[in-house]
Structures are given as structure tokens and as C-alpha cells.
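Visitor: Here it is, the structure, as C-alpha cells.
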Amino acid sequence: MESTVEREAWKAHVAMIGVQLFNGGYHVITKVALNVGVNQLVFCVFRDLIALSILAPLAYIRDKRTRPPLNRQFLLAFFFLGLTGIFGNQLLFLIGLNYTNPTYAAAIQPSIPVFTFILALIMGTERLNLFKLEGQAKVGGTLICVAGAVLMVLFRGLALFGETEAESLGHGESRHTETSGHFMSGFFNGLGRWNLGVLCLIGNCTCMAAFLAIQAPVLKKYPANLSVTAYSYFFGTMFMVTSAFFMTNESTNWSLTRSEFFAVVYAGVIASALNYGLLTWSNKILGPSLVALYNPLQPAASAFLSRIFLGSPIYLGSILGGCAIIAGLYSVTWASYKEKKAAAAMAVIPITSKEAEPLIYKDHKNKPIGHLFTKSPISSPKSDD
């Protein structure tokens, strides 16, 4: 039995590593598609339609017996889940990616659990005790993570790996960056494209955090996880299709080249349908704290893949800010894990406490069937006669 549980846990760990690698590949592939010139709204529409066509039938078959009936409260919750987690999350991410690069886009993503904790604290679904080490670790980790995000916005630094700023002026990525190589110039000369991209990425993380904060209480009342995802994609796709209908005037925007078609298929099948399925399955086995610990792998995977396939430079600011974000994330997730572990231990105390022992062992003749001990803990001496 233990070996089976251990095998399932190892499979979940491998699955989470795959999820982060798939997300890193998504950042690189979509950056290539955006450089070609695909419309962001059109890209999101095709991606969501593909994901919805996969998730809807799977949710109908898999959650057929566990899916509760729909009501107005659930529909309203799915509406906001689609608005934040699908529509706002995806669109802001693509706009931010178009103005920055895959390394920065992936480096900000690990802040999602921290933003989720802040929103959950405001909503009352998360508790905070500053007199305990876990509570102090949560606050300290949040501050460190925010400081890392601010550092990435205000400081770029030297190109430690890859081409320098002068050497990369001919590439598509540099067309979206400041020629001075520093972000502070954008605050004096107006908001630059790179600064706008970073703000969109922060908005992307905020939308995803709101999605997770709203989803947590919904899943308690609507335990069909895959159906929740499918309904969220339904409303998000409706938002995306409606926006694309009014904001894209030329029919040529809906035509895809070969590379764009490959990016759309990858985004819909791998980055959406498969990743959401693996996240849900791994969350049931490992729990949310351990699953969140794998998010810091995303910047490393994206930086490595973008350096190989795009030749994107890796700057000092991204390394320092990314390290701060990862450190803050680990602090928050460690504190959450310790709190849940302590709560689980407190739940076992009434069963294993000494006060309960006399009720079990006082009369060994009336002990329950299937007790762990086959003999009485206090054996009577046998007569020598």
C-alpha cells in the first residue's frame, strides 16, 4: 500500500516538473508567434476554443456522477472565474509578453501564490498569526517577493548571458525595449512599452491570483474540479470571442501562418487542457503547498529555452529580481505547509492522547474488533497449576 502511494507521489512530482517545462515552452513559442505578428485576441480565441473543446467532453464524462446541479450562485462564480482566470489572465499575459520577453514573463509568474495569499487574507479564507514563525515567514516572504518584482521593473543591468543591448538592436525583441537599457527613463519620459509590458504582467498575476482565491471556496461547494475548469473556460471564451469580434476589423487577422498555427495548438492542448489536468491531479496527491513550490522552475525553464531558441539575453536585474521572488515564494509556501501540517497533527491529538487511552485499554475484553493489538496490553499471569 505504501509503495503504491509513494509511486503516485513520484508521478505527481514528475507531472509538476512537466507542467513548468510546458509553461516555459509556452512562453517561448508564443513569443515567436507574437514576433511574426499574430493578433493577441485572435491567438487567445483559438487557444480557448481548442482547450474548451477538449475540457468540456472530458468534464462531462469524468464528472457525470459527482457534478452538482447548477444554480445562480455557481453561474455567477463561474462568470468571475472566466473573467479573471481566462480572459484577463491570458490577454494581459500576451500583451506583456509582446512588450517584454519570455524570461521576464516567466520570472513574474512565481508571485501568483503570494498575490493569492494577500487576496485570500482580505477575503478571510486565509489566517495570519504574526506571533508565530509561520506568520512572520508569510509576511516576510510577501515583502521579499514584492521587492523582487519592483527590482525587475526598476533595474535591468548588464546582459550577463547572450547579446548586449547594442548587438541585439536588430532583433524583434529589442524593438519593444528602451534603447537606454534602463527602466527609470520610462518614468521621466512617459510610460514606455517595456514598462507597460511589465505592468500588464503584474496585472496578469493579479487576475490569476483572484481566480485562485475565488476558486477555493467554489470547489468546496462544487467538488467537480474538471467541470469548474470547463465552465470557467466557457465564460472566458465568450469574453474573448466578443472582444475579438469588436476589436479586430480586418479578416486577415484571423489567418494563421504555419508557426502561428503550431503555437495556437500548443497553447490550447498543452498549456491549457493538459496543464490544467495535471495541476488538478497533482493537487489531489501533493496538496497546494507542494504544487506551488514548483512555480519557481518556470523562470529557469523559460530563460533556458528562450536563450536556446530565441537568443534572448539574460540580464542582471532579471536574475536578482527572480532570486528574490523565488526566495519570497518559498518562504510563503513553507509557512503554509507548516501550518497545514500542524493543523493535521492537532486533529490527531484527541485520538492519540493519554486521556483517551483508558477508554481503550481499561477493559480489554470489550475492545473493538480489528484493534491493532492482538493481545491485551496488560496480560494476566498464568497459573503454574
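All residue numbers here begin at 1 and follow the chain in the order shown.
Placed from the backbone N, Cα and C atoms, the Cβ positions cover glycine too.
Quick paste of what Swiss-Prot says about this protein:
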TRANSMEM  14-34  transmembrane segment
DOMAIN    23-153  domain 'EamA 1'
TRANSMEM  41-61  transmembrane segment
TRANSMEM  75-95  transmembrane segment
TRANSMEM  104-124  transmembrane segment
TRANSMEM  141-161  transmembrane segment
TRANSMEM  194-214  transmembrane segment
DOMAIN    216-333  domain 'EamA 2'
TRANSMEM  226-246  transmembrane segment
TRANSMEM  261-281  transmembrane segment
TRANSMEM  285-305  transmembrane segment
TRANSMEM  308-328  transmembrane segment
Visitor: Across the domain 'EamA 1' (23-153), what is the average pLDDT of the model, as a whole number?
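Guide: Overall, the domain 'EamA 1' (23-153) comes to a mean pLDDT of 83.
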Visitor: What else in the chain is close to the transmembrane segment (41-61), if you only count residues 6 or more beyond its ends and a Cβ gap under 8 Å?
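Guide: Cβ under 8 Å, 6 or more out: 30, 33-34, 67, 86, 90-91, 94, 224, 226-227, 229-230, 233-234, 236-237, 240-241, 243-244, 247-248, 253-254, 256, 260, 263-265, 267-269, 271-273, 276-277.
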Visitor: Could you check if the transmembrane segment (194-214) is in contact with the transmembrane segment (75-95), meaning 3+ Cβ pairs under 8 Å among residue pairs at least 6 apart in sequence?
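Guide: Checked: the transmembrane segment (194-214) vs the transmembrane segment (75-95), in contact.
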Visitor: What residues in the same chain, six or more past the boundaries of the transmembrane segment (226-246), come closer than 8 Å to it by Cβ-Cβ distance?
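Guide: Distant contacts of the transmembrane segment (226-246): 39, 41-42, 44-45, 48-49, 51-52, 55-56, 58-60, 62-63, 67, 74, 78-79, 81-83, 85-87, 90-91, 211, 215, 218-219, 272, 276-277, 280.
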Visitor: Can you tell me how the residues of the domain 'EamA 1' (23-153) break down into helix, strand and coil by DSSP?
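Guide: Output for the domain 'EamA 1' (23-153) reads 108 helix, 0 strand, 23 coil.
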Visitor: For a three-state summary based on DSSP, what are the helix, strand and coil counts in the domain 'EamA 2' (216-333)?
Guide: 98 helix, 2 strand, 18 coil
